[in-house]
Amino acid sequence: MRGSEAGCGLSWRKERGPVAMAALGIAMGGGSWFSALVLGVTLLKCLLIPTYHSTDFEVHRNWLAITHSLPISQWYYEATSEWTLDYPPFFAWFEYALSHVARYFDQEMLNVHNLNYASSKTLLFQRFSVILTDALFVYAVHECCKCIDAKKAGKEVTEKPKFILSVLLLWNFGLLIVDHIHFQYNGFLFGLMLLSIARLFQKRHMEGAFLFAVLLHFKHIYLYVAPAYGIYLLRSYCFTANKPDGSILWNSFSVVRFISLGLIVFLVSALSLGPFLALNQLSQVFSRLFPFKRGLCHAYWAPNFWALYNALDKVLSVIGLKLKLLDPNKIPKASMTSGLVQQFQHTVLPSVTPLATLICTLVAILPSIFCLWFKPQGSRGFLRCLILCALSSFMFGWHVHEKAILLAVLPMSLLSVEKAGDASIFLILTTTGHYSLFPLLFTAPELPIKILLMLLFTIYSISSLKILFRKEKPLFNWMETFYLLGLGPLEVFCEFVFPFTSWKLKYSFIPLLLTSVYCAVGITYAWFKLYVSVLTDPPVSKTKKQ
């Protein structure tokens, strides 16, 4: 056993050097400070290797086994494990490619019947596969930094918007704990998204469209922001000119550009879905990708509108029982707070269907889409629309995961270093969104890690943006300051007080409920504040070709 552990330790040391050097090499074009940031965060990721990992670790190990040991015709049918393959085909091929490296670490991890297999070599392989693929995220951050307006650049390197943005993205607390503790592969996926955004900022529309099309076939959650891409590319690429007042010049429509965009989407989709179409398995693939038999909320409520809706229903049911207005025998047995994800019925308020959430989401997205079309604000208007699409889908979507908040937090980082108003929204959204991820790490050894990392990231974010916009009005008003400070007492109660109360056994759901509802208030406020900003900002008038 000792020899095995020594071997694992040796392989860790052998792997860590190339990982850091690879990321360092990619970053060299951005200056020594960028390289130092990349190297520092890479070493931190290596230090997090022995920490707790969630069931997502077994999910991805199982997908390695499925794609390696079974023919493609069985990938989306295999159900030996409860963690069936439910990502789009490009991600399945990604797992297939990883599996051919994994066999040199531990062949047993690729056995479909080895459920919950987690040898030390398997752990090292999966952890390092996340770290290595983050190289794409590093490159994307470097490209995004080129798109930032440097007018506010201070004399010190640490006061430059590009430096601040690099820290906000590379050292993002949420991405660190979700990928490198909890365990997922969000880094390279967000790298694809940020790179596609950077390409649109750089007027390289075809590249941006291609990257986003590829991204959709890696993880379909990015459909949340597809409306922003579709409308922006149609408005700013297919239509090549505007009138002097900023409205669209209809005779500037380019059929060639429109067909080119359509061809990109078609070819990427054909490459991804073609094999399953040939096997007559498209319906099976889509049934895995969109499992509407799951409940309205995830096991842990994402801090969105439905968390507030569920909490209100819970409060009304308790009041109804106390006042004897409700019959206890008629209350549904499936509790919203039991941790189950199956379908259920609300007690007092009307139960919510997938169709209802779809309608709510579309209604919430439409104003931002209209603004993008009728009141264009350039590439930054597109970015605001993208964030609003992500937030609206997070707020009103069906069975939303709490981790989906990162889909809005990371792009919002780009806006935060350019305008004080956006910086304020970013800080509220990020602080509450990151805190809402705390329940993902529920083991005792990770408690000081998550508290320390979030404190460091939050303090840096607030202090650096305050310095950047020191000549403008304060980033927070008294109400916002009071709300954010309230996260401290909430954490003390949930982690250090509640476990010692008599409520722990009977009302074990209370910490999750309080965290979800409290954070839902902040995220809803940030969403509303960003919407007001988008609706009230003047359009950018341009007549030249885009």
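Glycine too: its Cβ is placed from the backbone N, Cα and C atoms.
Unlike curated entries, TrEMBL annotations are predicted automatically.
Taken from TrEMBL, the feature transmembrane segment applies to 20-44 (among others).
Non-local neighbours of the transmembrane segment (161-178) in the same chain are 30, 33-34, 37-38, 41, 44-45, 48, 137-138, 141, 144-145, 148-150, 152-153, 184, 186-187, 190, 194, 403, 405-406, 409-410, 413-414, 416-418, 430, 433-434, 437, 440-441, 450, 453-454, 457-458, 460-461, 464-465, 468; each lies 6+ residues outside the stretch with a CB under 8 Å from one of its CB atoms. According to TrEMBL, the feature transmembrane segment maps to 161-178 (among others).
The annotation transmembrane segment is assigned in TrEMBL to 208-234 (among others).
Among the features that TrEMBL reports, transmembrane segment is placed at 254-279 (among others). Residues 72-73, 76, 88-90, 205-206, 209-210, 213-214, 216-217, 233-234, 237-240, 285 of the same chain lie 6+ residues outside the transmembrane segment (254-279) yet bring a C-beta within less than 8 angstroms of a C-beta in it.
The transmembrane segment annotation in TrEMBL covers 355-374 (among others).
Taken from TrEMBL, the feature transmembrane segment covers 381-400 (among others). Beyond the ends of the transmembrane segment (381-400), by six or more residues, the same chain brings 197, 200, 224-229, 231-232, 236, 291-292, 294-298, 302, 304-306, 341, 354, 357-358, 360-361, 364-365, 368-369, 371-372, 375, 407-408, 411-412, 414-415, 429, 523-524, 526-527, 530-531, 533-534, 537, 540 to within a C-beta distance below 8 angstroms of the stretch.
Feature annotation from TrEMBL assigns transmembrane segment to 451-469 (among others). For the transmembrane segment (451-469), same-chain residues at least 6 beyond its ends with a Cβ under 8 Å from one of its own Cβ atoms are 152, 154, 158-159, 161, 164, 167-168, 171-173, 176-177, 416-417, 420, 423, 426-427, 430-431, 434-435, 438, 475, 491.
Marked as transmembrane segment by TrEMBL: 481-500 (among others).
If you look up TrEMBL, you'll see 507-528 (among others) marked as transmembrane segment. For the transmembrane segment (507-528), same-chain residues at least 6 beyond its ends with a Cβ under 8 Å from one of its own Cβ atoms are 300-305, 307-308, 311, 314, 335, 337-339, 388, 391-392, 394-395, 402, 405, 425, 428-429, 431-433, 435-436, 438-439, 483-484, 486-487, 490, 493-495, 498.
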